[in-house]
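Q: Shown below is the structure under consideration.
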Amino acid sequence: MRGTRAQTNTGRKEGVNLNKQQKQKKETTIDSYYSPNGTEGERSANDKPEIPANWIQAVEELKTQLREAEDNWEKNLKIKISHLETEALELKQENSVLKAKITQLENEAKEMKDEAKEMKDEIKRMKDSLQRNSDQKEKDDQKAKDEIQSLRTRVKQLESSDLTRQQDTIRQNKKNEKIEENVKHLIHKTDDLENRSRRDNLRIIGLPEDHDKRKSLDIILEEIIQENCPEILEQEGKVEIERIHRSPPVFNPQRTTSRNVIAKFKNNQIKEQVLQAAKKKPFRYHGNMVRITQDLSASTLKDRKAWNMIFRKARELGLQPRIKYPSKLTIFLQGKVWSFNTTEEFQAFINKRPDLNRKFEVQPQNSRESSKEI
């Protein structure tokens, strides 16, 4: 298409130049013939025939018309040249666009080639991994067979001495029970130690992620205290923070809620004052609602979350529920305070009271509500 258009443009230019030369030659011939000082085609004064006046006038008009035609022709020629230049510029732009597309296609082809290479390497790695897993599985199967054979031998030995086996079983059960008790005690002791190590910590919930991009977290915490309980700063002066950070430390873009902030105070009294103030009224920071609670271990928080639905229903029934350290529920019923360590204890308690049991037959809450901390 471009070659045809270029040949058409070249033919137009040659035709225009030929017409222009022919007109110039024709005009020169007529002017020289009728001009008094002409050379080519001139005749002597004696040989010049008489020319009628109307012929001369007609010739002059013809010359005028030729000049006007030449002017019009030049204007049209300029317009055509302008159009041709515009078309040439468009062709140049199209050429540039095509070059850019070709470059883009080459880059994409290169990227696809690199991706294909990466996929090939990945497939190779997967094959190697599958081979290793297969070998490991064969080893594990053989080991399991050996263990099964050993167990069969052991079973036969135990069956040969039933009394000894029973005594060993009883003795082992006692050991297991003691181990379980020790494990529970150690877990409880570990949780207690972890909670005690966090006694100077506060957990800030609901603080948007974008705030700590502009300011440090210790300054934000001081502004929260200044906005919600300024009397603490007036009494104690500057709040000294030993350490403050987001938890978890790595931001997950798929997470819909902001990460919690954990702050460790150097002064436990100031921490307690802030915590008591947060229990009396909701805290705000730049118009956003933030919650401040005691920082506890993950297992303790999990135990407390198990009370969420029961706590919510008890509060609706006016039983004045409270969660005491570490995860004990208390309610006020019939003029007496009842405490429960587990949800099973609470369920057994309300099963003995049919009227209360019917009130606590609630539908499960949705996942977002059930995940909220008490």
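Quick reminder: no glycine exception, Cβ is built from N, Cα and C everywhere.
Unlike curated entries, TrEMBL annotations are predicted automatically.
Quantities reported herein were computed from a predicted structural model and do not represent experimental measurements.
I grabbed these lines from TrEMBL:
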- 1-52: region 'Disordered' (REGION)
- 1-10: compositional bias 'Polar residues' (COMPBIAS)
- 40-50: compositional bias 'Basic and acidic residues' (COMPBIAS)
- 127-149: compositional bias 'Basic and acidic residues' (COMPBIAS)
- 127-177: region 'Disordered' (REGION)
- 158-170: compositional bias 'Polar residues' (COMPBIAS)
- 199-295: domain 'L1 transposable element RRM' (DOMAIN)
- 298-357: domain 'L1 transposable element dsRBD-like' (DOMAIN)
Q: Average the pLDDT scores across the domain 'L1 transposable element RRM' (199-295) and report the rounded value.
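A: In the predicted model, the domain 'L1 transposable element RRM' (199-295) has a mean pLDDT of 88.
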Q: What are the helix, strand and coil residue counts for the domain 'L1 transposable element RRM' (199-295) according to DSSP?
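A: The counts are 36 helix, 28 strand, 33 coil.
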